[in-house]
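Novice: Next up is a structure, given as structure tokens.
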Amino acid sequence: MEGPTPVSALIHAATMVTAGVYLLMRSSPLIEYSSTVLVLYIKKVIAYSTMSQLGMMVIAIGLSSYNLALFHLVNHAFYKALLFLGAGSVIHAVADNQDFRKYGGLREFLPLTYSVMLIASLSLVAVPFMTGFYSKDFILESSYGQFYLSGTIVYFIATIGAMFTTLYSAKVLYLTFLANPNGPLSSYKHAHEGDIFLTLPLIILSIFSIFFGYLTKDIFIGLGTGFFVDNSLFIHPSHEIMLDTEFAVPTFFKLLPFIFTVSLSIISVLFSEFLPKLLLNFKYSRFGYNIFSFFNQRFYIELFYNKYIVEGVLKLGGQTTKSLDKGSVEFLGPYGLEKGLLSLSNSLGKLSTGVITTYALYVLIGLMFYISLIYFSYNDNNLFILVIFTLFALLNNNLTSTK
């Protein structure tokens, strides 16, 4: 699973990580009728992108567009598997080095791998007419086409997510293939494309990453499609938004994700290639350092989680352990049992007075108590009088012994 291998490509593209999304889609009848349910290593950067794509699928499920979520799941399988296998081809070519800061200039050594990873990245960022465009862009349009405040908020959040997808996709391509060589000479000396068994899957997946979305969009999300006529996916008629998405969303909001994609790609390459000093000066400034820290610390979510949640839970657990294990449990357990037995032993020891009449009184009291259990009922007043008399006799005897 660690990858990038054919197994990890399948896991991240079409099986394990998307199994929960597929389960949600297959549970569409339950969801529809229940209103209350609602980096630095190349392979790790690609793996992170899986999260944004899963988020897109869940957004489509939240919009009751299960066919759209399934369409994006299938499309995502092709270009994500292509990215992983392309990363594996790069790592194989540079002697298992995975840090893409030590890559650069591999376009000349790996032209086929560069071409297929470029195709996969373009499909990932939803460049028009690539496979990912037909599903990802339609998910963004559908969130706005719901025409609710919540849908509009989701649209802008998802658009920002797509913007970051563009940034790290451009980062991988630039540092791996387009930048100046930064690695040791030994990594480039033997860099070469893999054999037919490594390159053939890349070519096949690249073809699907280009044409599959266009060829199947009417089957999955066409207004008149009968692909899901067997009710494998169910959409309540009141939740149907495909018509609004197709004809009611303004053109500006349809083009906004594409504008972000193109502009950020150009800006990232422009600053990295032509204005590197300006970028470094901004990074070392106070404002740039704060921005870098904000993103590097993952929006301070982990800091907040560790300081206020994890630390609080640990303190609560410590106090609970102290009060239970070191407190009530020991009080009722070993220490309590020891003190109870000692107290009982001392109380029984005080009964031994060495006076014959006292022992005779004990025998008489025991005999009377035994007879009372046989001949008197518990509700009988005579039994109550007898108990009072017995206690009075014991108290009087102890006072006499003390004197």
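A Cβ is built for glycine as well, from the same backbone N, Cα and C atoms used for every other residue.
So TrEMBL says this about it:
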- 1-36: domain 'NADH:quinone oxidoreductase/Mrp antiporter transmembrane' (DOMAIN)
- 6-25: transmembrane segment (TRANSMEM)
- 42-146: domain 'NADH:quinone oxidoreductase/Mrp antiporter transmembrane' (DOMAIN)
- 45-66: transmembrane segment (TRANSMEM)
- 78-97: transmembrane segment (TRANSMEM)
- 109-133: transmembrane segment (TRANSMEM)
- 153-175: transmembrane segment (TRANSMEM)
- 168-372: domain 'NADH dehydrogenase subunit 5 C-terminal' (DOMAIN)
- 196-215: transmembrane segment (TRANSMEM)
- 255-276: transmembrane segment (TRANSMEM)
- 359-377: transmembrane segment (TRANSMEM)
- 383-399: transmembrane segment (TRANSMEM)
Novice: Quick test of the contact rule: Cβ under 8 Å, at least six residues beyond the ends. What residues does that give for the transmembrane segment (109-133)?
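Specialist: Here the qualifying positions are 49, 53, 72, 75-76, 78-80, 82-83, 86-87, 89-90, 93, 162, 165-166, 169-170, 172-173, 176-177, 188, 191-193, 199, 202-203, 205-206, 208-214, 257-258, 261, 265.
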Novice: Answer yes if the transmembrane segment (78-97) and the transmembrane segment (255-276) have at least three CB pairs under 8 Å among residue pairs 6 or more apart in sequence, and no otherwise.
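Specialist: Contact between the transmembrane segment (255-276) and the transmembrane segment (78-97): absent, because fewer than 3 Cβ pairs are under 8 Å.
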Novice: Same-chain Cβ contacts of the transmembrane segment (196-215) under 8 Å, 6 or more residues past its ends?
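Specialist: Residues 6, 74-75, 78-79, 81-82, 85-86, 88-89, 92, 112-113, 115-116, 119-120, 123, 129-135.
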Novice: Would you mind giving the whole-number mean pLDDT across the domain 'NADH dehydrogenase subunit 5 C-terminal' (168-372)?
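Specialist: Averaged over the domain 'NADH dehydrogenase subunit 5 C-terminal' (168-372), the predicted model reaches a pLDDT of 81.
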Novice: Taking a Cβ cut-off under 8 Å, which residues six or more beyond the ends of the transmembrane segment (255-276) line up next to it in the same chain?
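Specialist: Long-range Cβ neighbours of the transmembrane segment (255-276): 125-128, 137, 140, 159, 162-163, 166-167, 170-171, 174, 178-179.
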Novice: Could you break down the residues of the domain 'NADH:quinone oxidoreductase/Mrp antiporter transmembrane' (42-146) into DSSP helix, strand and coil, giving a count for each?
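Specialist: Its residues divide into 81 helix, 1 strand, 23 coil.
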